[in-house]
Structures are given as structure tokens and as C-alpha cells.
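Student: Below is one structure. I have some questions about it.
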């Protein structure tokens, strides 16, 4: 064994993480191209929310009011869950297949990679949410007081939040099995506490306190604001900003989990 | 393709890779111990040794993806991992790292867009991609999904990605493993033509000793240390052996004997 004092290799300064538009778009196009070779996944992502809403409408056949409440919340929750699942598996694959290591050894900024994923899945989320919202509002008679466009906006932000959470969580999963198990771990508590089952003020104060710091609560609140008010309320703006800020925060955390150097 | 005869700013005698007191720790295990070596420019250098001796870790350190590297490691006159090196090094991992749910051409198109982005270079990218696919003899499969290819074909796709952008240093981790003899010969011819025509430096690892004869220089590794750094001829001559394999075994025996001696004198 040598005992010479070893000097650490001078670590190169972090490259400018400024977004490169061409690399971001190339990444988004690549992710969409991968999905195109997997039509079954696309069909499942897009059809399942519609089928669930359809089911829900006739489960609450006798009480249209309940369908309005739960239906609007679900329009926000579906994109979050789907994008969470898809992103966590997709990035886990990227990590385990060695393509992530290869990309990070190339001149690709972490921000380019993440923005590329967000762009691709965002586009998919628009299609999914547009179909689900259209079906709910026009075919199933979901009674929204506000604009359906606002529903779509919240749905899109939720999709972004799902992508962010999925990306972040994939860093802690070493297999697809673990990644899938993170879904109940990360999503179910939020689902229980977001006000879908019972209004949040009716919960035990401790749980209400917890629900106040979970982003999905604000996603559902935002949906309910649109449901009940004709115009854009201050509460709606607050909800939307919180969801967007959470998504950005988690995306930043996710970016920190992409390491160029690994053990 | 890009012009091969671009004038290089550094003198050719400046090594492509220079390591001094290089150490790498993974977990509690010291994988590389105090390595000192150089890899000359414009030549094919073979990195040989049994599996598990640290070849891959050394390669990862050179391309800058290995954590916990201490000591000096300069690559193309920059510290390893320097951002400007990312376009100048081509790296192929041992397991093929390509997207199984894309076709060969789509895989290469994407990596080419990362190396050489922008709409202005679309035509150059297209030529580069077509050349890289031809270089690894996969033109007839260009539109097949990578996931449907055989293991050897997938590793050639992975190699083609590294050939994009005409890198100055190619680091190839066991690129010929599991390939048939004809293909292996063709790939080695390709490696030599890359070195000769582009003046590129190639560092190629293998645990198959007969491939050593095809290299200009050899780095023989064992248990995280470098046993020899020489030309194949000099190695055989020095150890009075017929083949590089015999030379390697001779050096291992020597090292083991020296180790025992050290133990007893302690």
C-alpha cells in the first residue's frame, strides 16, 4: 500500500446549467419516439382516466353533486399518478441501462435532460387531460362553474408535479419493483389527505396540518375553486402557484440526484 | 465526415492520458492502487487483465464518471472529467448502453444531436450517423429496434455511438466480447484505421490475451495494480515468452513471489 499523500484531482467546475434548446428538444423528441414504439403504454395512459371517469359517473348515478366534486378532483389526480409512474420507471431505466452515464459523459446539461423529459411527458399530459376533461364536461355532464381551460391548466401542472416526483423518487429505487412500490408510498398518503374523501377541515388537526404541506391538496383545492367560481379567484391563483412551485422544487431536487460521477 | 487532418495544438509526444499516484476507492475497497502510467497519442493501447482487476474502474476514471478518484489524472491535457473533454472522448461501457425501444438510427440520431446540436448541423449529423452505422457493419439493420438485436449487434450499436463526433480519445470497455472471429478482426481493423487516419488515441480493454498482439502498447493490470506498461514485442522479449499470455503469467508469478518475499521479511 502506498502512503504518499494523494492530492485530489482538480474537479472541473460545474458546467453552465443554462438550458440548450436544441438538446432539450432532441431529448423530448427521443422520449416521445421511445413511447411511440410502445403503443400499448400510450393507450393505457390515455384511456384509463377516461374509463375511470365514465365508471365514476355511473357509480354516483343518483347524486350528480358527488360526481361533480370527486370528478373534478380526479381530473387533477390522474395526470399526477400516471406521470409519476411513467417518469419513475423511465428514468430508472435510463439509470440502469447505462444511457444516463453515457449522456452525462457527453455535453448534455442536467437541465436539458430534465426539461426534455418534462416537455415530452407534458405533451402527453395535455392529450390525456384534454380527453379526460372533455369527456367529463361534455359527455358526462360534469358541472363546472368556471372555465374548463382552468381545469386543464391545473391538470397540466399536476402532470408536471408527477413527473418531478417520479424523477426524484427514481434515484432511490434500484429496481422496477422498488420504483412501483414508491407509488403507494408517495402518492397514497397524499390521496388520502388531499380532501378527496372528506373536506380537509374535517380531518384530525394533525392530519390537516400534514395535508397543508402536501402539494396534492392544493391541486385538488384548485380544481374545486374552478368547480365553484366563475372567475379566477385569489385562492385559485395561490393553489396554482403552490403546485407549480412544488413541481419546480422537486425537479431541482431531482436534478441533484443526477450525478456525473458515481461510485 | 469531419476532416481527419485537423492540426492538433498539442505536440504529439504529449501523452493522451497521464496518471500519477492514481487511487480509486469504491466503498471500503481500494480498487486502483497508486497507478503511474501514460497512454501515448495516436496509438492503440490495450488494457489487459483478468475480470475484476479494475479495468472498468480505470476507464470510468479516465472518462470522468468515477467518484472518489485521487491523485493526478490528466486526459488530453485537462484534468479528467473536465467539461470540455465531453465532446473529445468517446466512451463505450461494457454493457451496451443504448435505448432498446429505439431503432439503431434513432439511437444514433439522438446521441448525435446531443454532441452536435442545432438545425444548422443536421446534414453533418446525418452523414456522421450513416458513417458510424456503416463502420460497425449494421447498415442493413439500421431501422431495426435495438431491443430486437443480438447481444453482439447491440454492443456494436453502442460502439457506433462512441464513433460519432470523431473523438480524439476512444475508451472502449471490452468492445469485442462475445463477437465472432470475423467481426472481431473487422473491428480491430477499424480501430487501427481510426488511429491511423484520424490520429485518434484508443484505449481498449480486454481479458482475452490474444487480442493483446493487435495493440501498439499494453497496460497489464492485476488486482488494481499495473504489472507492465510496454509494447507487446518488448514484453515477450523481456520475459522470454512466446506469447503475451505467457508473458502476463510470468509477470503474475513474479509479482506473487515478490509479494511473498515482502510478507516474510516483514
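One is the number of the first residue shown, and numbering goes on along the chain from there.
A Cβ is built for glycine as well, from the same backbone N, Cα and C atoms used for every other residue.
In TrEMBL, annotation is done automatically, which means it is predicted and not curated.
In case it helps, TrEMBL gives these features for our protein:
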type: DOMAIN; residues: A:36-261; note: domain 'ABC transmembrane type-2'
type: TRANSMEM; residues: A:42-60; note: transmembrane segment
type: TRANSMEM; residues: A:72-92; note: transmembrane segment
type: TRANSMEM; residues: A:113-141; note: transmembrane segment
type: TRANSMEM; residues: A:147-172; note: transmembrane segment
type: TRANSMEM; residues: A:179-198; note: transmembrane segment
type: TRANSMEM; residues: A:236-258; note: transmembrane segment
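Show me how these features fit into the structure around them.
Tutor: Listed by sequence, the residues of this chain that lie at least six past the ends of the transmembrane segment (A:42-60) yet keep a Cβ under 8 A from its Cβ atoms are 35-36, 66-67, 70-71, 74-75, 78-79, 82, 86, 124, 127-128, 131-132, 135-136, 140-141.
Beyond the ends of the transmembrane segment (A:72-92), by six or more residues, the same chain brings 31, 34, 41, 45, 48-49, 52-53, 56, 100, 117, 121, 124-125, 128-129, 132-133, 136, 142, 144, 151, 154-156, 158-163, 165-167, 169-170, 173, 175-176, 179-180, 182-183, 186-187, 191, 194-196, 216, 219-220, 222-224, 226-227 to within a C-beta distance below 8 angstroms of the stretch.
Among residues of the same chain six or more beyond the transmembrane segment (A:179-198), those with a C-beta under 8 A of the stretch's C-beta atoms are 70, 73-74, 77, 80-81, 84-85, 88-89, 92, 165, 169-170, 172-173, 207, 210-211, 214-217, 219-221, 224.
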Student: Checking distant contacts: for the transmembrane segment (A:236-258), what same-chain residues at least six beyond its ends satisfy Cβ-Cβ under 8 A?
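Tutor: Distal contacts: 17, 100, 104, 110-111, 113-114, 118, 150, 153-154, 157-158, 160-161, 163-165, 167-168, 170-171, 215, 218-219, 221-222, 225-226, 229.
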